[in-house]
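Participant: The domain 'Lipocalin/cytosolic fatty-acid binding' annotation in TrEMBL covers 31-178. Summarising the annotation, TrEMBL assigns signal peptide to 1-19.
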């Protein structure tokens with residue numbers, strides 16, 4: 001199992017910044033998950049190894065009776081095959097309602113999902129970061145989500161500024177192909 005962890009770390013270097021710590025983030029304070037659920041398209045993303053070559057990426061969020069959120073991510077991968085994964089998002093702490101931990105079903109994997117800002121109707125900025133102390137690097141996961149397959153350049157620039165101001169690396173953010 002350790003060899004797989006090492007391979008993941010090495011392959012993840014595509015989305016790596018050589019900095020010791022993840023930036024301090026502030027998630028959206030007033031967050032209404034009932035307005036957030038529904039279909040979101042991935043308009044832009046940072047270099048993320050598990051999404052390399054993916055296009056037509058979208059996520060559907062649905063409320064669960066227990067207060068958690070069902071997650072269904074779909075994409076067309078590098079081999080031009082349809083892929084999807086399901087999971088469950090749970091709020092980490094009630095005092096921070098836009099900070100989630102997502103557990104995916106297969107493979108069993110957990111990850112942070114922090115909504116930094118959203119207006120619910122047009123855009124959402126999602127961020128997560130992991131440090132790898134042994135290699136003295138941080139892995140940043142950045143998603144600019146849209147209710148439509150595109151996002152205006154003005155919105156993209158505003159969201160990148162939020163990221164830059166908090167110390168995130170915006171240089172690897174690229175538009176996601178939505179040609180399906």
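Every residue gets a Cβ built from N, Cα and C, even glycine.
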Participant: What average pLDDT is reported by the model for the domain 'Lipocalin/cytosolic fatty-acid binding' (31-178)?
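Facilitator: A mean pLDDT of 95 is what the predicted model shows over the domain 'Lipocalin/cytosolic fatty-acid binding' (31-178).
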Participant: DSSP helix, strand and coil counts for the domain 'Lipocalin/cytosolic fatty-acid binding' (31-178)?
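Facilitator: So the counts come to 21 helix, 78 strand, 49 coil.
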